[in-house]
Structures are given as C-alpha cells and as structure tokens.
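Participant: Here's a structure for you.
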C-alpha cells in the first residue's frame, strides 16, 4: 500500500485569521491606499499567487471543496427547514392542482404583509417557484416531520464536511501523487459517486418513492400512507402494490428479469395523473445508469496490469493530419488545475444547458409541468448557470495559457497546432459572426419594413414567404415515430414535444403537447446562432491570444489581467485575457436573454394554457408567437411590453414585490453603466478635490483614497 498522505503538515491556528492579507508579503503590510481592500478580495482565493508549490495549492483547493459542500448542505438544510416550518407542503400534497406551493410568510412590518398572496387552502404566503415541493413528492416525502429530519441530517453532513476540510489540510493532507493518480480517481468517481450514487437513488425510488407515489396518485390521504421505513422493512406492503416483490431476488438470479417490469418500466411519455415522467421509468433509468457507471469504474489500470492507462491512450491518439496528436496533454492535465477545470466547466456548462431543456420537455417530477412559474424559473436558472460555467471555462483556459503553459514541452501536438493557426480560426469565426448577424437581423428588419408598409404578403412568415425549419421538423418527426421501431412496448415517445398528437393535461391545465416549429422559430434560432458564435469568438480569441499577439508579442509577461501595455503604447488597453472574459460575459448575457425570451413566449403562446371539457385548448397568449415574433416591433410590443406592463403596474397587490424587483434590477443595471462609461481619471480628480477639502479641515484619512483601477471598475460594472 502506498502511503499517500502527510501527517500533521500544518498546525491549526487562528492567528492568521487576525492578519488580513497574510498570504501575500505586500498585502500583509496593511493598507496604504484604498486599493488594498480590492486586492485583498481579488487575491484571497487565488492560491497560485500564494505559493508555487503545486502540492500545497492542490491541498488548499481540495480542502476548499469540502467547505463548499458544507455551505451547500447548510443551504439545502435551510430549504428543507422552510418546507417543514413555514410552508403549506402538506396541504399542497393533498391538492396539488388547486393549491400553490408556498414556503415563506412575510411578517407584518411596515405593511409588507401585502406580499402574502392567497395560494389556496386558506394559506397566505409568497408563492415559491423553486420546484422543491415537486422534488419532495417525487422522493416520497409525505409530512413536514420528514422534512425536519432531512434538514437536521443535512446539518450533520455539513458538520462532517467542515471536519473533512480541516482534517485533510491539517491532519492528513494528500501528497501530490494522490491528486495526480487519474486512473484511481476515475475508478472511484465513476463507480463510487456516479455508480453507487445512482444505485442508491434507484433503491430509494423503488423501495420508498414508487409505492408512496402510487398511493398518492390513487388519491390516498398522505396521513394514511405507511412511513418510508415500513415499506423497506415489510415486504408484504410492497407486494400488495407490485406482486413480483413477493418473489424477492429469485427472478434476478434466475435471469428472469422481466418479472420486475411492474416497477422497472419503459413506457415513455408522461403520467396523465401528475403530468410528470413515469417514476417507474426514472427508477429503471437510474438502475441502468448505475450499472453502466459501475462497469466504467472498473476500466482503468491501477494496482493490476489490466485496464486503460490515460497517458497511453492520449499518446496513442494520433490522426493522419494531427501531428503528434494528444502527446503532452496528459502532463498538462495532471499539473495544471486551470486546464483541468476549463475542460470540466465547459462540459458541465453544456450539460447544465441540456438539463434546462429537459426540465420542460421531459418534466421529471409530479405536477411540475403544470406549475408554469416554476417551469420558467427552472429553465432560466439552468440556462444562466450553464452560461456562467462556459464563460468560466474560457477564463480558466486563459489563466492556464498565461500561468501554466510551457511552449517548450508542447511541440506539434494538437494544442500547439491550434495555437499556430489561431489567425485562421479567429478570422473564420469572425466571418461566421458577421454573416449570421447581418442575415438573422436582416430577416427581422425586412419583416418590420414590410409590416410598416402594409405588405404582409412580402413578409417571411408561415402565411406568406415560408422559411420552415425543415431539419428541426425532420428530427422532431423521427423521434415521434422512433419508438414504434426501437421500443415497440413503449406507449409514447421520449418527449411529447416531438409530435404525434398526444396532449397531457392535469387539472384542466396543459402539462405538455407537441411543440410546433415554424418560420418564427427559424428566425429566432438564427439569432441564437449569432449570439452564441459571438460569445465563442470573444472567449476563444481571449484564450488563443492570451500569451502573445501581433500587437503585444510579450503579453504573457503582463499576466492574466492588465489595463494597458504601459505608457507610450496607445491602443493597447483592454487586450488582456481578463478583458476578453469581461466582454464574453456581456455576450453570454445577450445570448441567454434571447433564449429565455424565446422560451417564455413560445411556451405561453403554443404550449401552456387551459383546456375545456370539450378538449379545446386556450393558450395564455393565444398562439400569437408565430405571427408576432417575426418582427422586432412584435417582440417589443407583444412580448416585452405586454409581459412587463403587468409587473410595472403591480403596486398595491401581492405581486408588488416583483414590480419593485423589476424596478430595482433596472436600477442596478443603470448603476453598472456608471462604472463602465466613466473614465478612471475623472474619479481620481474628483477624489483629490475631496481629499484637499479634508486636508483643509484637518480630517484627512491615513489610508489614501484611490479611484478604482480600470480593471476593477469594469469588474464592478459587469457584476452589476
């Protein structure tokens, strides 16, 4: 056994906590000017700047992860505690179609109690849109007591995480070799976290969630349903609902697995009672995922001479046109955590955006699809998180290029080849952006002009000149028809959005129906393509030119963030890798705004709405998307103004909080422009006048005030 920890490397002491800036020689001296506090914040978690010792940096990052997990558990505990203490969860569980979820009651201070709207069932509070109630029901929570217990459990886990963070930094800190043992890490993460994690969740779903939800769907009072541990301990209870449970594990070991198809199903579509995915489908899914990951977690070579070796795989990975291929990348990914993080963020960010799209097209929890506010919030939330992670990927890729890239070890491999033809990449991408920008915007301008001239027959629309998204429609159609060939026992396709005419409504509200795509979607999809390509252009240019450019050949010496290349070199401001991340963030915001607008209007126009006894669907905005969203004027008038006016005029009602937030958000946005539009010199002059006045009155501060640096000002601006 290899000993891969060091015992008692750093003694535990609170002394450093009393010395702000202890991690930096310069900052530890204390403040001379007000810039000190900004540098303190900028560098406190920049472990690279504290030491060059990769082992020490790795330990700090590892330890910080436990701190992060502790915070997450505390936050989660708070959510569950609110559900237990301040919510109408039990009432909602009894009647989820008429009662809205609420877990916050505003205290009557200076009239704020106006925010407590009537959410049904005699409960007054703020309606929540986080989806927690739906998750709780799906996992089989039937009482507020269970929420209390889970909240306490989360706090215990938080304490464990805090202890682990301390222990693995101060008592038993891993050696560098442990952090670099990628095969062992892959085996443990794949088999342990993802494999056993999915397996335990599948077990919970089968033994606890499924029976409880089966009874809830049948209309049994939550108070009459047996408690979770009773289902686990008493097999008879489960056998009443799923007779094959009486046979135990015999069918498993005799390979007669179809016996289990009562609770491990492959139905497709949605449960008509709840409007969510069949929970028997999701249990089956998690079991299958668990098997895959448990196998994957045994594929990498560690102590025995079988299995994959990452270094060998990467070095063998050469194509006919790619030079040395992946040679040298193994060394990068085991010595630069920025490079590793960049890849992980890019993948996790993309995955998060995929999750955003699955939350509405395959709503995973009961009664989620008919809770429109929550659907909108979850989509927005996952799109934003995904956007931040992808921009973060570019940021850390650029930091890797500046701090960790060693050109002498990377010759003619893929990274080197990409860097050598970066001009071709960036100029082609730039051309793509110009093309997409002019053409997508041009289609709208054309429509606005024709509309203004009263020539509807000359517009691009479903009723005039059609630009149908034929490829998207083909994909939809293929997926709608696929199950009949690939899964003959399935009753529906993976998602109702593909087509096929099915409609699921719960409590006279539409849960989901086939989403039609037309000219309007074709137009806005090209705006999506445009904004995404511009974001990529800015971020990729920042990474590829992080070390050098024709303008500043020695850029790497200036670091990741710098305002300009010194005095006497005009036109070299705002070229640092940091500035590219800054600009990329703005375009990420642009891109996501259009996505959220598109989703919000499309769903209200073509999916969400009420259904009459005769089966007639009335959509929230009456299906106006196809004809209104094809002009810029239509977006402004029929979406932005039509939706915002209700919020703006909300004062005096329980919605007023949203009106104030709306106003406040625009105030914050305007505040950000103050930092972005004014120059540093302006503020420095102003400060010096004010300091002069203080000197006159002999109240001058010991710490000299200074204007924000250019980079700091832009950081404050983009944050707001």
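Positions of Cβ are set from backbone N, Cα and C atoms, glycine also.
As the structure is a computational prediction, the values presented were derived from the model and not from experiment.
This is the feature table in Swiss-Prot:
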type: BINDING; residues: 564, 573; note: [4Fe-4S] cluster binding site
type: BINDING; residues: 666; note: chlorophyll a' binding site
type: BINDING; residues: 674, 682; note: chlorophyll a binding site
type: BINDING; residues: 683; note: phylloquinone binding site
type: TRANSMEM; residues: 61-84; note: transmembrane segment
type: TRANSMEM; residues: 147-170; note: transmembrane segment
type: TRANSMEM; residues: 186-210; note: transmembrane segment
type: TRANSMEM; residues: 282-300; note: transmembrane segment
type: TRANSMEM; residues: 337-360; note: transmembrane segment
type: TRANSMEM; residues: 376-402; note: transmembrane segment
type: TRANSMEM; residues: 424-446; note: transmembrane segment
type: TRANSMEM; residues: 522-540; note: transmembrane segment
type: TRANSMEM; residues: 580-601; note: transmembrane segment
type: TRANSMEM; residues: 655-677; note: transmembrane segment
type: TRANSMEM; residues: 715-720; note: transmembrane segment
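Give me the local environment of each listed feature.
Facilitator: A simple way to gauge crowding: the CB of residue 573 ([4Fe-4S] cluster binding site) has 13 other CB atoms within 10 angstroms, across all the protein chains here.
If you draw a 10 Å sphere around the CB of residue 666 (chlorophyll a' binding site), it holds 10 other CB atoms from the protein chains shown.
Taking the Cβ of residue 674 (chlorophyll a binding site) as reference, residues of its chain lying under 8 Å away and at least six apart in sequence are, in sequence order, 717.
For residue 683 (phylloquinone binding site), the count of additional Cβ atoms within 10 Å of its Cβ stands at 16 [all protein chains shown].
Beyond the ends of the transmembrane segment (61-84), by six or more residues, the same chain brings 45, 47, 103-104, 130, 132-133, 136, 144-145, 147-148, 150-152, 154-155, 157-159, 161-162, 164-166, 168-169, 174, 179, 337 to within a C-beta distance below 8 angstroms of the stretch.
The list of residues near the transmembrane segment (282-300) in space but at least 6 beyond its ends in sequence, with Cβ under 8 angstroms from a Cβ of it, reads 182-184, 186-192, 194-199, 201-202, 205-206, 209-210, 263-266, 307-310, 364.
Here the transmembrane segment (376-402) has Cβ contacts under 8 Å with residues 129-131, 332, 336, 338-339, 341-346, 348-353, 355-357, 359-360, 535, 539-540, 542-543, 546-547, 556, 559-560, 577-578, 580-581, 584-585, 588-589, 591-592, 595-596, 599-600, 603 of the same chain, all six or more residues outside its ends.
Proximity of distant same-chain residues to the transmembrane segment (424-446), defined by a Cβ-Cβ separation under 8 Å and at least 6 residues beyond the stretch ends, is recorded for 418, 459-460, 467, 523, 526-527, 529-530, 533-534, 536-537, 540-541, 544-545, 630-632.
With a cut-off of 8 Å between Cβ atoms, the residues of this chain six or more beyond the transmembrane segment (522-540) that come close are 390-391, 394, 425-426, 429-430, 432-433, 436-437, 439-441, 443-444, 460, 467-469, 472, 580-581, 583-584, 587-588, 590-591, 594-595, 598, 629-630.
With a threshold of 8 Å between CB atoms, the same-chain residues lying at least 6 positions outside the transmembrane segment (715-720) that come near it are 582, 585-586, 668-669, 671-676, 708.
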Participant: Restricting to the same chain and to residues at least six past its boundaries, which positions have a Cβ under 8 Å from a Cβ of the transmembrane segment (186-210)?
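Facilitator: Same-chain contacts beyond the ends: 138-140, 228, 231-232, 238, 241-242, 263-264, 279-280, 282-283, 286-287, 289-290, 292-294, 296-300, 302, 310.
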Participant: Between the Cα atoms of residue 666 (chlorophyll a' binding site) and residue 683 (phylloquinone binding site), what distance do you get, rounded to the nearest Å?
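Facilitator: Spelling it out, the Cα of residue 666 (chlorophyll a' binding site) and the Cα of residue 683 (phylloquinone binding site) are 24 Å apart.
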Participant: Which sequence positions outside the transmembrane segment (580-601), separated from its termini by at least 6 residues, show Cβ-Cβ distances below 8 Å to it?
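Facilitator: Tertiary neighbours of the transmembrane segment (580-601) are 360, 376, 379-380, 383-384, 387-388, 390-391, 394-395, 398, 521, 524, 527-528, 531-532, 534-535, 538-539, 541-543, 621, 625, 629, 635, 639-640, 643, 714-715, 718.
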Participant: Where residue 573 ([4Fe-4S] cluster binding site) and residue 682 (chlorophyll a binding site) are concerned, what is their Cα separation in Å, rounded?
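Facilitator: Between the alpha carbons of residue 573 ([4Fe-4S] cluster binding site) and residue 682 (chlorophyll a binding site) there are 17 Å.
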Participant: What same-chain residues lie close to the transmembrane segment (337-360): Cβ under 8 Å, and 6 or more beyond its ends?
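Facilitator: Residues 57-58, 61, 368-369, 375, 378-379, 381-383, 385-390, 392-394, 396-397, 399-400, 403-404, 512, 599, 603 contact the transmembrane segment (337-360) from elsewhere in the chain.
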Participant: Whole-number answer please: how many Å between the C-alpha atoms of residue 683 (phylloquinone binding site) and residue 564 ([4Fe-4S] cluster binding site)?
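Facilitator: Roughly 18 Å, rounded to the nearest whole number.
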